[in-house]
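Data first, discussion second: the structure below is written as structure tokens.
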Amino acid sequence: MIFRRRQQKCWLSIIALLMLVCSCSDDEQREIPTPAKPYLNVKDSLALVDIYKQAHGEGWTLVDWDLENIQTWGGVTAALDTVMNEYRVVGFVMQDGSNGILSDKIGDLVELRSLSLYGKGLYGELPKTIGNLVNLESLVISSTSLSGALPKEIGNLKNIEVMQIYFNEFTEIPKEFGNLPKSGVYMMQHNKFAGEVPETLRFYENSDESSGISGIDLSYNCFTSFPWSFFTDDDDCLVPHLWGNRLSGTIPDEVFKSPKWERWKTQISRQEKGYGYSNYPPEEDEH
């Protein structure tokens, strides 16, 4: 009897164990969630809607947005954040045809890598929130009516590689522009930048030859003064390209004696008609 009772208890234990295993297996199956469908990040979505409304995006060429259907949002590039299981905006092209301002909500698109703005109908100032876009690698602002000073916050763009700001109405470059990556490419022609070229705009040749040119081009603006320290200081910074500005006066003798002079003298040689240095260029360089 004792043996039978032990045998019975043994069988009962085996049955209980099997039931527990089956129960755990069922629980595991129930706990495996169906992957949720990823959606566009809410903050990104709201920012794009505000940008559209502030710029009167119904006039944009080549695209026709339906604000209720993100599949129609041409010019927007999104990438999947696999950790958060949501799409983030990484690229945005504002088409020609705007008739308004650039919303300060542009600064909410913090995952942007590429931003391009076009169109004479886009006016006002560049929002300070542009400095929030610390992941930005490429910025193009071309043929707009954006005006005033570039915000000092633009110096926060520590990952920028190429910046093309040309054919706009901007009037001032802040000294903080010099905080940008030193080996970047900055094409800043055909604006209305005036006064003295900021001494902080010291950029350097890229040691990686495959990356191409580097430095800053300030041609065809309205600068009237240039710090000669770009030539005379004992460093290897690049001299900005300054054709078509309003530089004038007399070049100091120490500049002519600088080791940099022969290499970089043509950067300042051709000024807007009616301007130029009285002692340069010599006659042989005028042709």
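Including glycine, each Cβ sits where the backbone N, Cα and C put it.
Whatever TrEMBL says is automated annotation, not expert-curated.
Feature annotations, reproduced from TrEMBL:
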DOMAIN    95-180  domain 'Disease resistance R13L4/SHOC-2-like LRR'
SIGNAL    1-27  signal peptide
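Predicted-model confidence for the domain 'Disease resistance R13L4/SHOC-2-like LRR' (95-180) is 98, expressed as mean pLDDT. Residues in the domain 'Disease resistance R13L4/SHOC-2-like LRR' (95-180) partition by DSSP class (helix H, G, I; strand E, B; coil) as 20 helix, 34 strand, 32 coil.
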